[in-house]
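Features reported for this protein in Swiss-Prot:
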type	residues	note
COMPBIAS	42-51	compositional bias 'Low complexity'
COMPBIAS	69-84	compositional bias 'Polar residues'
COMPBIAS	177-190	compositional bias 'Polar residues'
DOMAIN	148-502	domain 'PUM-HD'
REGION	33-57	region 'Disordered'
REGION	69-94	region 'Disordered'
REGION	107-130	region 'Disordered'
REGION	175-201	region 'Disordered'
REPEAT	258-293	repeat 'Pumilio 1'
REPEAT	294-328	repeat 'Pumilio 2'
REPEAT	329-363	repeat 'Pumilio 3'
REPEAT	364-400	repeat 'Pumilio 4'
REPEAT	401-437	repeat 'Pumilio 5'
REPEAT	438-473	repeat 'Pumilio 6'
Amino acid sequence: MADDNGKNPMPNDRGYDTLLTAFNNLKLYANYNHQEPGESGNTNINSNNNHPNPPLLTAFKSLKLYANKNNQEPGESGNTTINRNKNHPNPPLVTAFNNLELYANYNHQEPGESGTTNINNNNPNPPLLTAFDNLRLYANYNHQEPGESSNNNYPNLNVYNVGHISAASFNAPPFTPSSLTQPDDSSSRYSGKPFPPPPLSFVSPGVDKDRNWLSSLLDMMTCAQRFTEFQKYLQDLDTYPTAERESHLFKIGSALTTTKRIFLHLATNQYGSQALRILFRRSPSLDHLLFCAVDTNFFLLMSDKYGRGLIIPAIRAVDKTKKESLYKLTYEYTLHLARLETGCLALNNVLQEIRGIYRDLIFECVANNADWLSFDPYGTHVVQNILILQNPVATTAIAERLRGSFFRLAMERQGSYVVEKCLKSDFARDQVLEEFRGNAKEWVRMTTDKFGNFVVQSALRVMKEKEMRPLLREFVEKLRPHFGKMEIGRGRNTLRVIQEEIVGWINQLPDKSGYVN
């Protein structure tokens, strides 16, 4: 609609560009014979058999068909009543047209006016694209006019047709607890109700067959009572000719990874996770599908009790390039995983497999954050694991990061384990002993502490093992004035170690340490 001056109004800043694109595409194909959408000559618009997009052309024709139900053109003002006809044979298509008309008229232009070609170029609106898709969905699906009684106008709802699935659909909606039937509720952290069956008229016989096959497969993989059936099923597949076997395995992999919900339902189930691990390294194509699913859902799997068991099999089943993809994800999520109860365990397991630059980067990341990770109830396990691995650079960096905190760590449950592992490491021991040596008061206090007394015992035994006689004598002498008090409470454990293991040894062996009196 033009304004009083005969000019089209300026586009509004709140335009809907996506819907505009859909409308312009419609107009583009309608103009294939140099006709404007809404012109009377447009009734023969699909007579051109060489039209570049027949489905879109059909959609436009369907618009015209319903717009003409009241002898109105798709751009006439009277068209606003089109959805008030409750007896219209196809309300969804009418709604789609009205949505198209609504956004096309956003700047008070009729859908057939030439000004519509540049309507609101700054206008994003996915709902318009949805409206356009609805046009294609309902318009003449099987060469029938929308509104005919045949139910074939609807596309087949092929829910689990494995012939049409691939790894391309991994980017599914956010994960929610599975609503698949749980054949054994106790074997999964989720439980739910079965999927409601679709209307029978929407489901073809082939879909029923595929759906039943997938349902049976999932049942075998997640049910404790049927798990042996799944193993037998794979053994039978191994007897097939190579090509047929590969085809069946690819079908299985496609079915299990086509949606995020199905894959995570299996991966987070006790038996489902075990079944997925069995599938690795049976076929290159199957390995690729499973790896892509693991890669896409990496963090969710690493933080799940059963899902974390899939990471190492996935790493071992693929080539170096794909391995590094998981290595990189591990590095990126290091600190997030380290603070999770399951994530810290999964991270430690993966560290046993990682090689190359990402291993060093993870070590560096943990070392740089060791001052707070060591006090974290879960992060401390990651720090301890790196200390056990005895990487010289990482261990030295951790010890330097913890300098000044060893007494405080020694008197906390999780921190005491970190200090003990530092004492047992050739790359961190000196830093710990230096701090203990410089504060006699705290050294004595540790002997009666609930957790610190174990650190004192460990320090004494390490110095004996490493034959550091002068230094060991120095530490014992600092405790001697307090032996009486140590006979009561937790100090008696340290006193027993000194009397039974240390005192007699001090004067027997030559000193082999670098320390001097």
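Glycine residues also receive a Cβ, built from the backbone N, Cα and C atoms like all the rest.
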Six or more residues beyond either end and a Cβ under 8 Å away: which residues meet both conditions relative to the repeat 'Pumilio 4' (364-400)? 331, 334-335, 338-341, 343-345, 347-348, 351, 409, 412, 414-415, 417-418, 421-422, 425-428, 431-432
For the repeat 'Pumilio 5' (401-437), the distant same-chain contacts (Cβ-Cβ under 8 Å, at least six residues beyond its ends) come to 367-368, 370-371, 374-377, 380-381, 383-384, 387-388, 390, 392, 395, 443, 446, 449-452, 454-455, 458-459, 462-463, 466, 471, 474-475
Per-state residue totals over the repeat 'Pumilio 2' (294-328) - DSSP helix, strand, coil: 28 helix, 0 strand, 7 coil
